[in-house]
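Take a look at the structure set out below.
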Amino acid sequence: MTSTTSNTSAAGTEGHLAHRPGIILAIIVSCQMMFVVDTTAMTVALPQIQSDLGFSATGLSWVLNAYVLAYGGLLLLGGRTGDIFGRRSTFMAGVLLFTVCSLLGGFAVDDWQLLAARAAQGVGAAFAAPGAMSLLVTNFEEGNARNKALAVYSTLAGLGMALGMILSGILTEWASWRWVLFVNVPIGVAAVVLTPKYIAAPEKRPARVDIVGAFTATAGLTALVYGLIRGESEGWTDAVAVGSLAGAAILLGVFLVTQFRVPNPIMPMRLFADRARSAGYAAMLLVLACNFSVFYFVPQFLQEVLGFTALRAGIGFLPMGVAMFAMSRTTPRLLPRFGPRRLIISGIVLILAGVGWLAQLGADASYASGPLFPLLLVGVGIGTFLMPLTALILGGVEPRDSGIAAGILQTMQQVGGALGLAVLVTVYDAGAGGAPASRSATADGISDALLVGTGFIVVALILVTAVIKAKPRG
């Protein structure tokens, strides 16, 4: 009912907008894909970037890390800012910042210029992404229309990581790494121009900003993501990594305490009163902790074990993408019949089977006899579980909290990915026996990492089965 109120309010602001659902969805999905694509798109371009701008080996990793750090650290603040100051305005401001910094990064002539642009891109994405999801919720009526929109949104956003590698390979090989950034500009400009024309602006709900919560959440999440990145690269006994993680624990502890005491918290604890929603957030973190590792390790397997080029490795993910997209078309029709619980559990089981199968691959595998079919299983699983879980988490959220609810969801995805990679890269290093590794050692390390990764999925499966009931909301 609350969602209907939100839709009515939005539609009342600009009634003609309800007649353009396809354009609304295209704007929101294209922007979210930009933000996700940019987490992986620079990966293939790194050697060319290092040659052009003179990065050190350590500095080069920050072309990726600067974006992830800013994005993951500011998502909660970005979500709540939209709730208070207006989701459409915050979304447009974030997209504009992301677009301008994509242009500036493409023209970078020194390493620090590119790093600054990448960090600012992350800031823009952190403020725009929660707004994108909450605008989707408030512009589509709860029920079949919203489920279909969420299915397209979730699937295409999930495809962004694979598409990023393919796009980066094509642009780097045929043009320049700079075009990996320039390609964002026309998309961002179109979104900024079209958003006020087609997307309704939900009511603003002015409130005092929780300064302490904003600081502790942002600093705590930034310290957490940085500590995971540092520990992964420098080892878990590194003083900076330990200090960052300890600082994150203190800051996030203070943040949680203050959220119970301030009148207008950044993260209202009422969102966690629903046990199904809380379990959904945790399940999203755990499944993404493993899924990110698939996008990290399978390209390594394809390139270092099977001898694929970077572009061919990216294309190797297309069957998984096709499976995800096919299920995104089917899942909304299955949801009324089977309910979210069965679909979420079925999807997680399929992901578990696919990742478990990938963990059995050895150096003697071919693409067809090796990763092809398990990747299809993972794709079907993601397409089955992602939309129902997203709908479960965001369904029934009060309009005043839709931005922060989306921000928490996306924070779980980013932190889950960072946590999973940090743990599983450590497992990989132990299994591969250090670098450079032979083909068989690389395959063994990847196998060990993915096998441990299935543990995250098993915990998510137990949690969902135990907590989420057949009809969590009436």
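Each Cβ is built from the backbone N, Cα and C atoms, and glycine gets one as well.
TrEMBL entries are annotated by machine, without manual review.
What TrEMBL says about this protein:
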TRANSMEM  23-47  transmembrane segment
DOMAIN    24-472  domain 'Major facilitator superfamily (MFS) profile'
TRANSMEM  59-78  transmembrane segment
TRANSMEM  90-109  transmembrane segment
TRANSMEM  115-138  transmembrane segment
TRANSMEM  150-171  transmembrane segment
TRANSMEM  177-199  transmembrane segment
TRANSMEM  211-229  transmembrane segment
TRANSMEM  235-258  transmembrane segment
TRANSMEM  279-298  transmembrane segment
TRANSMEM  310-331  transmembrane segment
TRANSMEM  415-437  transmembrane segment
TRANSMEM  449-468  transmembrane segment
Proximity verdict for the transmembrane segment (211-229) and the transmembrane segment (59-78), three or more C-beta pairs under 8 Å = yes
Request  = Can you tell me which of 23-47, 90-109, 115-138, 177-199 gets the most C-beta pairs within less than 8 Å of the transmembrane segment (150-171)?
outcome  = 23-47
Key: Interface check, the transmembrane segment (59-78) with the transmembrane segment (115-138), three or more C-beta pairs under 8 A   = yes
Message = Mean pLDDT across the domain 'Major facilitator superfamily (MFS) profile' (24-472), rounded to an integer, is what?
response = 87
Inquiry  = Can you see whether the transmembrane segment (279-298) and the transmembrane segment (115-138) are touching - at least 3 CB pairs under 8 angstroms, only pairs 6 or more apart in sequence?
reply    = no
Query = Is the number of Cβ-Cβ pairs under 8 Å between the transmembrane segment (177-199) and the transmembrane segment (23-47) three or more, considering only pairs separated by 6 or more positions?
reply = yes
Remark   = In the same chain, residues at least 6 away from the ends of the transmembrane segment (310-331) whose Cβ sits under 8 Å of its Cβ atoms read 44, 147, 151-152, 154-156, 158-159, 162-163, 165-166, 168-170, 173, 295, 298-299, 302-303, 343, 367, 371-372, 375-376, 378-380, 382-384, 387-388
Query = Is the transmembrane segment (449-468) close to the transmembrane segment (115-138), in the sense of at least 3 CB pairs under 8 angstroms with a sequence gap of 6 or more?
reply = no
